[in-house]
Ligand SMILES: Nc1ncnc2c1ncn2[C@@H]1O[C@H](COP(=O)(O)OP(=O)(O)OP(=O)(O)O)[C@@H](O)[C@H]1O
Ligand code: SF4
Ligand SMILES: [Mg+2]
């Protein structure tokens, strides 16, 4: 059995290794699923935001969290004219009067966060005219005004100042409240029941059409909630997984492998090569990584691939070189390397095939625990506002949350979700790394 | 495996010839200040014919391994010359040096250290073949199998996938020997090949080396500190002392009529019934081995020599003097 396979077999005896591997496997599965389900261009497109999110509430928490805490926060309800019946009440001389009723069955006692009516008219020259009325389950009818509708119209009912002053409170509260004089209750409650939006449309052309959709925004959404731009956090949190893993892995591989090979070359060639590598390392060790990244990000570009490149380049002559050097130095005298020279192995072959593989098992634990540090680095950069401009990442979610004072406004989910994923990543790799350390570093094994 | 036809070397010319070969290691302080040198090999003359087995005998630290490494081209000689098949080793570069490395096999003292711990037997034996561009893979595997069979590790399938730590010391050394043979060399340098093995397997390994050497008409330079192991396994003995060869003779002649007082002392220790005296670490003749950084003037053996003649031995360096058929000794007593 090869030393590697033996090590893996021994690894199975450590529960922490198994748990760590399970976490890592779950993260990898999520990453793979995400990349397949939401291809990269689509993810970028989605995260740019805009219209596709218009039916999602702003800053809605996850549904399960609310239910878990015993809440009954409303979800978003919609009613579309496509599903409702449109009755033509009168027609003369090319002018038609249509009546559409959009009904929502509202089961909650808490109020919606917003109420918006989206309109879309199809006409030749003369825009249709629509009059809107609201009917509560108790039969009370509240006029919501009237307007001409262009190709795209949007009536923010909950933003209607006039309506607000007429109702004496925010429209999304007033329209759903128990009947009675405003402001008498301590904490007003919504009246569950069937609410209707009555649209009376006047078409001035024989063929003109009007499509309408009423959206009663909830306070919670989906598994992960939404942000200030109504974007579903699931997109960012899902896509953050492959980005984080790729960044961490590539940075760890890039720095470890190059550092190891350079350290081995220094040890093998010795003399001025070794001295040069040592001096470069010492200079590099006093260069601060984060400020340099901030500088590059501010002056040049915050592309995640550029950041990765800078991290790897600055990581090549890192303190690791000194450690690897100490481990590699005894190999210079190793009999099998002398034998390799004697049968004619070239210097690069000795470095890559005889020196590097010898200390790889010792390095594996360090390597595994290095991955999450780079994941955290990427997140830190994003929190500092140096996240990738287009890719959704965990760090960028945290950045948005911070910029929007999420904690101050009580949107805990916005901070906790990406933080939990970061911690889970750190935990998974750390648990595996520690177990690997015990398996591959004989000095620790007896402890 | 078939022996290669002898190349280049003119008939009658030895396969390997060293004249006044020197390998000095510079001692430096802070990496650049020269503070002296260790004269590990200091004027060695030797010849080795194709198909001949010779032993180099000497106490610990006399420069045996340094001599072997110099002959392997692992150390650049700092003076003198060694020729292999008539070609000066110091001038070999690039492809010629690589070709030379294929023609010389190396068997080290510590078989466990000589095998990469992360390679299985197949891989360890494949390395030299890959380095020398032996292709295709099937050909490499055929040669690995043949080499393993040659060293008595048949069937090859049994050790093929094993790692060094899963083999016994004797098996490890057999694998090392197989690796030394796999490029079909003309010469084997075996540096104390049995001193780290259990006494029970030493004879097996020495017999194996001798058999292979005879069958393939290889030149063998067997380096040892133990004169008791030369009799059946070599044709000629070179006695090394303080970086030099002080006596050369056919094995029987040396064991029966040693001409140099140092060789005599080594033999006397062999005859000593106290086995502790045959042990390696104890300097066989009384006194300290000479310092290679500051060798004694005149005959290097004079501080320990019972016959030392004041005014001669401590002033003049004795040359190698012929004392019989193929027998030389560097001692003023033979002048
Ligand atoms: N690379 C080197 N640099 C400096 N000194 C060396 C080097 N290699 C060997 N020496 C010195 O040269 C001397 C001879 O060493 P060498 O290993 O050749 O002796 P040896 O006869 O093989 O001894 P042993 O029986 O212990 O193997 C020793 O004093 C050793 O310290
Ligand atoms: S030359 Fe003198 S000191 Fe040297 S071995 Fe001969 S007798 Fe002894
Ligand atoms: Mg030695």
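Note: Cβ is positioned from N, Cα and C throughout, glycine not excepted.
A Cβ distance under 8 Å defines the sequence-distant neighbours of the transmembrane segment (A:20-40), meaning residues of its chain 6+ beyond its ends; these are 46, 235, 238-239, 241-242, 245-246, 424-425, 427-433, 435. The feature transmembrane segment is assigned by TrEMBL to A:20-40 (among others).
Outside the transmembrane segment (A:236-269), and at least 6 residues removed from its termini, the chain residues within Cβ reach (under 8 Å) are 27-28, 30-35, 37-38, 43, 47, 224, 227, 277-278, 304, 308, 311-312, 315-318, 320-321, 324-325, 328-329, 331-332, 347, 350-352, 355-356, 359-360, 363, 366-367, 370-375, 377-379, 388, 391-397, 417-418, 421-422, 425, 429. Per TrEMBL, transmembrane segment is recorded for A:236-269 (among others).
What TrEMBL lists as domain 'ABC transmembrane type-1' is A:245-433.
Only residues 6 or more beyond the boundaries of the transmembrane segment (A:289-317), in the same chain, are considered here, and those with a CB under 8 A from a CB of the stretch are 243, 247, 250-251, 254-255, 258-259, 262, 277, 280-281, 283, 374, 377-378, 380-381, 384, 386-389, 391, 393. Residues annotated as transmembrane segment in TrEMBL: A:289-317 (among others).
Long-range neighbours of the transmembrane segment (A:359-377) within the same chain, counting only residues 6 or more positions beyond its ends whose Cβ lies under 8 Å from a Cβ of the stretch, are 3-4, 7, 244-245, 247-249, 251-253, 255-256, 260, 289-290, 293, 311, 320, 324, 327-328, 331, 422, 425-426, 428-430, 432-434, 436-437, 440-441. Taken from TrEMBL, the feature transmembrane segment applies to A:359-377 (among others).
The transmembrane segment annotation in TrEMBL covers A:412-436 (among others).
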